[in-house]
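Student: Sharing the feature lines straight out of Swiss-Prot:
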DISULFID  CYS23-CYS29  disulfide bond
DISULFID  CYS24-CYS37  disulfide bond
MOD_RES   CYS37  cysteine amide
Amino acid sequence: SDGRNAAADDKASDLIGLAVRGCCSNPACSVNHPELCGRRR
């Protein structure tokens, strides 16, 4: 596997993780995206 691609994937998932945490701490966003915050209905 290509090390550069792995590093890019890690960076992307870090950014997604930050966005998800920001969304989950925002009630309006977490209500719209319960699957991101582990709140399954």
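Every residue, even glycine, has its Cβ placed from backbone N, Cα and C.
Have a look at these and tell me how they're positioned relative to everything else.
Tutor: In three-state terms derived from DSSP, CYS23 (disulfide bond) belongs to a helical segment. Within the same chain, residues at least six positions away from CYS23 (disulfide bond) with a Cβ under 8 Å of its Cβ are CYS29, SER30, HIS33, LEU36, CYS37.
Counting every protein chain shown, 16 other Cβ atoms lie within 10 Å of the Cβ of CYS24 (disulfide bond).
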